[in-house]
Amino acid sequence: GSKNASNPKDGAASKGGKDGKTTADRKVAWERIRCAIPRDKDAESKSRRIELFKQFDTNGTGKLGFREVLDGCYGILKLDEFTTHLPDIVQRAFDKAKDLGNKVKGVGEEDLVEFLEFRLMLCYIYDIFELTVMFDTMDKDGSLLLELQEFKEALPKLKEWGVDITDATTVFNEIDTNGSGVVTFDEFSCWAVTKKLQVCGDPDDEENGANEGDGANAGDGVPAAEGSA
C-alpha cells in the first residue's frame, strides 16, 4: 500500500515521524516492555499474569472492561513509552482476545475480557510491538514502506517468528492490498499478526480463583521472541 493507504487511526506503532517515537525510543522501551509483559506459559509467568490481572481488575469483578485494560497498560505496564497510538493497539488486542476466547469457550461476556482471554490480549500487544521492531529492522532505507527486496531479505527472521514463506513474491502481493508495489506497516502487521495467532495463540488454561479452569489446552503458546528482532 502507498503512504496514503494506511488508516491514521490504525497507525499503531508506525515508525518515527508518524508515531512520534523514534526507532531509538522504541528500541529502549522494548527492552523493558518485553520483560514486563508476562505472556509465556511457565509457572513464573503464570503467577505474574494472575497478579497483573488482579491489578488491572480495579473493580474486583474478575472481568476487565476496555477502560480497565487501557488504564492498566498506561499506569502499570507503561506501554505508552513505546508508542503514542496505545489506545488503538489496546482496542485491537482487546477485541481480538475477546473474540478468540469466546470462540474457544463457546460462550463469553460481551465487551469484557476474562482471565482466560487475558494472556491472548497480552500476546497480541506483545506481537504488535515486536512487529514494529521487526519492521524497523526490515525497512532498511527508513522509508516507512517495505519493498519486495527488503521483504525477501527478512524471510529468515519471519521464519524464526513462526511464519514460513516459500513464495515471497506471491505473499508480498497479498500483503500489498492496494497493489502499489510497497507495503505499509499497517498492511504488514494485519497480515503477520493474523498468521502468528493462527499458528501460536491460545488462551490461558490455569485457574485464578474464579471459574476459568476450563480453558483450551491448545499448545504451549507464543514461542520466545527474538529480543531485538
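Here the Cβ of each residue, glycine as well, is placed from N, Cα and C on the backbone.
Summarising the annotation, Swiss-Prot assigns region 'Disordered' to 1-25, 202-229. What Swiss-Prot lists as domain 'EF-hand 1' is 44-79. The Ca(2+) 1 binding site annotation in Swiss-Prot covers ASP57, ASN59, THR61, LYS63, GLU68. Among the features that Swiss-Prot reports, domain 'EF-hand 3' is placed at 126-161, with the record citing sequence analysis. Marked as Ca(2+) 2 binding site by Swiss-Prot: ASP139, ASP141, SER143, GLU150. Annotation source Swiss-Prot lists Ca(2+) 3 binding site at ASP176, ASN178, SER180, GLU187, citing sequence analysis. Positions annotated as compositional bias 'Low complexity' by Swiss-Prot: 210-221.
Candidate binding-site residues: ASP141, GLU150, ASP176, SER180, GLU187. Nearest to ASN59 (Ca(2+) 1 binding site) by Cα distance: GLU187. DSSP assignment over the domain 'EF-hand 1' (44-79) gives 24 helix, 2 strand, 10 coil. Ranking the binding-site residues ASN59, ASN178 by other CB atoms within 10 A of the CB puts ASN59 at the bottom. In this structure, the CA atom of SER143 (Ca(2+) 2 binding site) is 14 Å away from the CA atom of SER180 (Ca(2+) 3 binding site). Each residue contributes its Cα atom, and for ASN178 (Ca(2+) 3 binding site) and THR61 (Ca(2+) 1 binding site) those atoms are 44 Å apart. GLU68 (Ca(2+) 1 binding site) sits 39 Å from ASP141 (Ca(2+) 2 binding site), taking the CA atoms of both as reference points.
Nearest neighbour of ASP57 (Ca(2+) 1 binding site) by Cα distance, taken over the binding-site residues ASP139, GLU150, ASP176, SER180, GLU187: GLU187.
Secondary structure at GLU150 (Ca(2+) 2 binding site), taken from DSSP and collapsed to helix, strand or coil, is helix.
The residues of the domain 'EF-hand 3' (126-161), classed with DSSP into helix (H, G, I), strand (E, B) and coil, number 26 helix, 1 strand, 9 coil. Neighbour counts of Cβ atoms within 10 Å were taken for the binding-site residues ASP57, ASP141, GLU150, ASP176; the minimum is at ASP141.
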